[in-house]
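J.: Here's the feature list from TrEMBL:
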- H180: active site (ACT_SITE)
- E284: active site (ACT_SITE)
- R79, Q97, R102: substrate binding site (BINDING)
- 1-22: region 'Disordered' (REGION)
Amino acid sequence: MSSEKEKTIAPLSSSSSSPSVELCKGINGLDKVILRESRGSSAEVYLYGGHVTSWKNDHGEELLFLSSKAIFKPPKAIRGGIPICFPQFGGLGTLDQHGFARNRTWTIEDDPPPFPTNTLSKAFVDLILKPSEEDMKSWPHSFEYRLRVALGPGGDLMLTSRIRNTNSEGKPFSFTFAYHTYFSVSDISEVRVEGLETLDYLDNLRNKERFTEQGDALTFESEVDKIYLSTPTKIAIIDHEKKRTFVVRKDGLPDAVVWNPWDKKAKAMADFGDDEYKYMLCVEAAAIEKPITLKPGEEWKGRVELSAVPSSYCSGQLDPQRVLQGS
Ligand SMILES: O=P(O)(O)OC[C@H]1O[C@H](O)[C@H](O)[C@@H](O)[C@@H]1O
């Protein structure tokens, strides 16, 4: 064999790859960015919605739920992944449900203003959203919304939002916000959530009335749609069957929405399979109860860091303290 041939083969058989960021076409020709980390984890972000639609660990396992019926066609928001709810969560205002950020096309920003703390990640993308003239009619405020989606070397997914009031006439504005994260679970009846016990919540299924959660970890046997208030910075979603625990770490986001539509509502949603409620749970880091107010020139930051770790078992039982207090 010629040494020439050996030279061409060598790079192809190499197993390690460096972090990469690739812009390509996704479903229906929509632009998407694929982030890849050297150990094999990856994430996909659609410019439509600034929407993370996929997050895979280094074994290639999908960690986010995306409906098989998701519609990748503006103006419909994509069902699954991580929709961004801004400048309004739910129906809490005059805008359409969850605001407009999730159904606008964002732009890649090559050189955003520097972050105060540098991320270790080399696989990241910076997006920016500014209001159109049409948006200004329904929400008359100038803003710059910068979103960085980053994949850490260990496969953690980090989303950082920086929202700045750029109104020139001295007007403040207020907004509510959520990272509407759909986690993929093996079976909703095998899942429990820790970190929200004993907290107050507003129940969306009971006119947003305020209740206090009991002392046990949350488990699921029917529709749930609750806004937990003043939540800790760390919440764990434990999937017994998969032996996997998702840890949500958040900053600047005091509230947490927990949502599963269950069977009846699932059937009523055109972009959601009838049985898919079994395989998802939304735990949404949010700022809802106390809207964020920004004066002109002010910037708000809200960050979430998601990790997926093997559940630690202790004589057949999970040890919640280890999950919540561990690093
Ligand atoms: O159907 P969407 O507009 O995407 O909203 C889906 C869900 O989002 C949140 O979790 C709300 O608390 C729910 O009330 C709502 O049903």
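Glycine too: its Cβ is placed from the backbone N, Cα and C atoms.
Curation does not apply to TrEMBL; its annotations are automatic.
On this model, are these features tucked inside or out on the surface, and what's nearby?
T.: In the three-state DSSP scheme, H180 (active site) is classed as coil.
Neighbour list (E284 (active site), Cβ cut-off 8 Å, at least 6 residues apart, same chain): C85, A178, Y179, H180, T181, A256, V257, V258, W259.
Sequence-distant neighbours of R102 (substrate binding site): residues of the same chain at least 6 apart with a C-beta under 8 Å from its C-beta are G49, G50, H51, A77, I78, P83, I84, C85, F86, H180.
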J.: What other residues of this chain sit with their CB within 8 A of the center of the CB atoms of R79, Q97, R102, the recorded substrate site?
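T.: In sequence order, the nearby non-listed residues are K76, A77, I78, P83, C85, H98, N103, H180.
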J.: Quick one: what's DSSP say for R79 (substrate binding site), helix, strand or coil?
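T.: For R79 (substrate binding site) - judged by DSSP and reduced to three states - the answer is coil.
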J.: Could you tell me which three-state DSSP class E284 (active site) falls into?
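T.: It is in a strand.
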J.: Same chain only, sequence gap of 6 or more: which residues have a CB within under 8 Å of the CB of Q97 (substrate binding site)?
T.: G90, G91
J.: Going along the chain, which residues six or more apart from R79 (substrate binding site) have their CB under 8 A from its CB?
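T.: Spatial neighbours, sequence-distant, of R79 (substrate binding site): L66, S67, K69, A70, I71, M269, D271, F272.
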